Amino acid sequence: MDICFRLVSLILILCILAPSPIYSKLLPTQEEAALVTNPAGFLNLARSPEVSDYMVRIRRRLHEYPELGFEEFETSKLIRAELDKMGIRYKYPLAVTGIVGYIGTGKPPFVALRADMDALAMEEDVEWEHKSKVPGKMHACGHDAHVAMLLGAAKMLQDRQDELQGTVVLVFQPAEEGGGGAKMMAEEGALENVTAIFGAHVTTRYPIGFVASRAGPILAASGFFEAVISGKGGHAAIPQDAVDPIVAASSVIVSLQHLVSRETDPLDSQVISVAKFEGGGAFNVIPNSVTIGGTFRAFSTENLYRLRQRIEEVITSQASVQRCNASVSFDDKPFYPVTENDRNLHKYFLNVAEEMLGATKVLEMKPSMGSEDFSFYSELIPGYFYFVGMKDEAVGISEMGHSPNYRVNEDSLSYGAALQASLATSIIPQLHPHEDDAMERAPHDEL
Ligand SMILES: *[C@@H]1O[C@H](CO)[C@@H](O)[C@H](O)[C@H]1NC(C)=O
Ligand SMILES: *[C@@H]1O[C@H](CO)[C@@H](O)[C@H](O)[C@H]1NC(C)=O
């Protein structure tokens, strides 16, 4: 009994005396308390259980209940509830479900951070505790992580709002996946008074702990098309009595491939992909019509519009060669401009990211034919878009976005939140009026 009691006392004393790493993590150090211009301090804070567990919890909840573009009602409600808890004021709604929050003085300079909220119309194949509970919908492009990262950044910044010499604007937007939510957010005033905007995207293209971006054009301009090619249905054994839209659509698709290979500069990247082909349902029936659809990409607005015009001409002319009629539409989804990174913001990003992660962890990336509606913001004001690596094969994270097996590396949340918070706060002192000319905007393509 006595020995037992002494042993317990000894253990208790040892526990009290021993430094506890978890406890010390919860208390910000002197350095972290004044960290609005200290990138490494932000990363430590973003990795503390208080911030990182919070982001993981938010991200998992969003992952279980994915919502499609302009339908992010519950997602938006959750974000507003979190902003309310933190005491952050916001405007709502913009663009149906969008939210714009404000941290700091409410006065210039204003610097915006953006997160997209929508999921994809697809089925999740990953078996895990927080698998999507909504049939046919999945967060397979990391937008759940982007929202969690921005809320994590908000949490860190709101606790230090007295140190801010300006305003951090939190942009939670709907419908990045084809809907052009950013365009509508901008039209409804999300960028009011904003001098610069930053957007981050998680990716398995780069390892965890790395980030990547580039100056100038980073993602392509994009458009979508759909065409109905109409003939005359009939018996598949008696083709002379029918006008076959399957063969016509096939020639159309082959001819479309010649636009990039024969009509464009091989050194100027462009793409046309036909990704949809719907027609017929029986082995012995020629259908009345076929619907095809796809996407086209280019690195300038001029080239995008040239492709648009040629796509329409080729589809209608080539269909008529096979005696079919065709109607082509481009209106279903808005065209996205080229995503162009401001050159001064690129230099600034390199400084902040290298200070936080070390120079070897900051990569220069090649432009990609992917596209982003972040371009609607960076078309209006200097913007900067970058990728946060999360690949880690040791824990099975390597699937690309839009895959049913896509998984987010939750360790990436701290990197994203720390970078976003750091980028916004470190630039504010540099944007004060007398230093305005340091931030001259680069020329942009107008769409
Ligand atoms: C933008 O600036 C104007 C003029 O200072 C001010 O009236 C307005 O409230 C500001 N808008 C926001 C969203 O802070
Ligand atoms: C194509 O349109 C013309 C003019 O409207 C019509 O006369 C013709 O029957 C149509 N052909 C087919 C195959 O639908």
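Cβ from N, Cα, C; glycine included.
TrEMBL annotations: computationally assigned, not manually curated.
Features as listed in TrEMBL:
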- 1-24: signal peptide (SIGNAL)
- C141, H143, E177, H201, H402: Mn(2+) binding site (BINDING)
- 226-319: domain 'Peptidase M20 dimerisation' (DOMAIN)
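Residues C141, H143, E177, H201, H402 make up the record's Mn(2+) site, and a Cβ search at 8 Å around their centroid adds D116, D118, L120, H139, A140, G142, E176, G401 from the same chain. In the structure shown, across all protein chains, H143 is the one of the binding-site residues H143, H201, H402 with the greatest number of other Cβ atoms within 10 Å. All chains included, 23 other C-beta atoms sit within 10 angstroms of the C-beta of C141 (Mn(2+) binding site). DSSP gives H201 (Mn(2+) binding site) a strand state. Cβ environment of E177 (Mn(2+) binding site): L68, G69, D118, A119, L120, C141 lie under 8 Å away, each six or more residues apart in the same chain. Residues in the domain 'Peptidase M20 dimerisation' (226-319) partition by DSSP class (helix H, G, I; strand E, B; coil) as 41 helix, 30 strand, 23 coil. Each residue in the domain 'Peptidase M20 dimerisation' (226-319) has a pLDDT score, and their mean in this model is 97. Under the DSSP three-state reduction, H402 (Mn(2+) binding site) is assigned to coil, being neither helix nor strand.
The DSSP secondary structure for H143 (Mn(2+) binding site) is helix. In this structure, E177 (Mn(2+) binding site) belongs to neither helix nor strand by DSSP; it is coil.
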